[in-house]
Amino acid sequence: MKTVIYFLILLSLISESFGALTRMRLQEKTRKELSKGSKDAFDKHLKKMDKLKKLNDELHGRKHVKDDKNEEVKHAPLENAAMFQGDMILSEGHADALINEAKIKLEAKKQGKNTNDKSVVDRLKKNRAFMKSHLFRWEFPIPYFVEPEVDQNKIDVALKDIENNTCVRFQKSDKFQDKSGLRYYMGPGCFSFGGRVKDDSPQDVSIGKECDRMGIVGHETMHALGFFHEQSRYDRDQYLKIDFNNIEPNMKFNFDVIGDDKSDTFGVSFNYGSAMQYGRLTFSKGKGNTMIPKNELYLDSIGNSNRLQFLDYKQINIAYCKDKCKGEVQCANGGYENPNQCGTCLCPYLLTGKTCTEYIKNPPACGDQNVIKLSGSPVTVKPKGAIECVYAVSSEGKVKVSIDNAKLYSKFVYCSTSEGLEVQYLNDKTLTGPAFCGNAKGKTVTSEGNLMLVKYSGLSNDHFADLTFTAV
């Protein structure tokens, strides 16, 4: 008998080490490692999640979805099955608003109405106002501390990056229990509360295994500041195809849209490269894509975990910093006044200058050409080695870049804009461009207008790219 018990315990430990956990065990493990003040909020979150899931399954006609808490669940960094959308603990206010939104839509569906019906729209607007009123805003600086098992430097660097690009301020502290703030610790995955939820104790931000990349720390901190995912935006269906056939049945509700208008996204455009956008295999029941960019150039670009992007910071600045400056400067190309230094511009990151009309200068190792004006013959550049080079290429018509040959950083599933090639071919230079990595030979991209910005980011001495620009 003792042998059998020992075997079962050993089997459980082996399964857990390889990511095989039951839903119930994952909930227990998650709860156990939360701080004392967060456990009660997590329990309420789980009850609300069950209700929200059932309502959304009914709303979308998802029948025969078993809710077996003893089934094994995939345990990937941003896919904790105990969380909303894989990495969020909902506050009571947020959860109630989402439940009420699902009820309004379900009632309308049963009455044969759609969500454009005025009576439905009015009710949804009131509900969204309720949800926003329950966003408990932070006061700065936000105190935070980091538990010993987490790399302190990586947290500090990620938070400093937010400070450098927004008016948000953090203050590192010794461990505390009696005031509002953030506790970074190593839990089972990457997750955070949505918005500020406590005024008398710190709230948890889990930076588990594989979660300490700068972009993921920024992602979870954005949740703590009150922001949701890019793939749940009101307009996401214009940009993403969601393949529900490839999604784990119990996880389909995590792909429902939140909100119905631009006010929910502060008027900021959808951005495939956002650090708040999940990768294409998220909650996949196999190897099939669950989210497919409608712009196929971005297929390998979604799932950025390197750092927050220009439009991520812009959302934070609109939400928290819009009254810092008085419009002392007019910025071009999508730039806007810097809340950290009024009278100057925050520019899309391949642009610079007082009003964002200049291009990032190259180091000498990138070659002589930085600003290229095509007038006849094609122009070829060959950046090589561990270096960053930016090329601003224009013509009277459109610009086509051909990747004739390349050896770049190779990463499974997604490519990062800071680990290969980024091609900003759209007119809107605030949007992250599609990224190419690995052996990108044979790829071609044509600009939307007459200007293309291309960034080469080599990470080792043997990395290179041969790029030919042609006027078309």
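Residue numbers in this text run from 1 along the chain shown.
Cβ from N, Cα, C; glycine included.
Curation does not apply to TrEMBL; its annotations are automatic.
Features of the protein shown, as given by TrEMBL:
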SIGNAL    1-19  signal peptide
DOMAIN    129-322  domain 'Peptidase M12A'
BINDING   HIS219, HIS223, HIS229  Zn(2+) binding site
ACT_SITE  GLU220  active site
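Recorded residues GLU220 (active site) and HIS229 (Zn(2+) binding site) have their alpha carbons 10 Å apart, per Cα-Cα distance. DSSP classifies HIS229 (Zn(2+) binding site) as coil under the three-state reduction.
With every protein chain in view, the residue among the binding-site residues HIS219, HIS229 whose Cβ has the most Cβ partners within 10 Å turns out to be HIS219. Sequence-distant neighbours of HIS223 (Zn(2+) binding site) (same chain, 6+ residues apart, CB-CB distance under 8 A): ASP87, MET88, PHE191, SER192, PHE193, GLY194, GLY195. DSSP assigns HIS219 (Zn(2+) binding site) to a helical segment in the three-state reduction.
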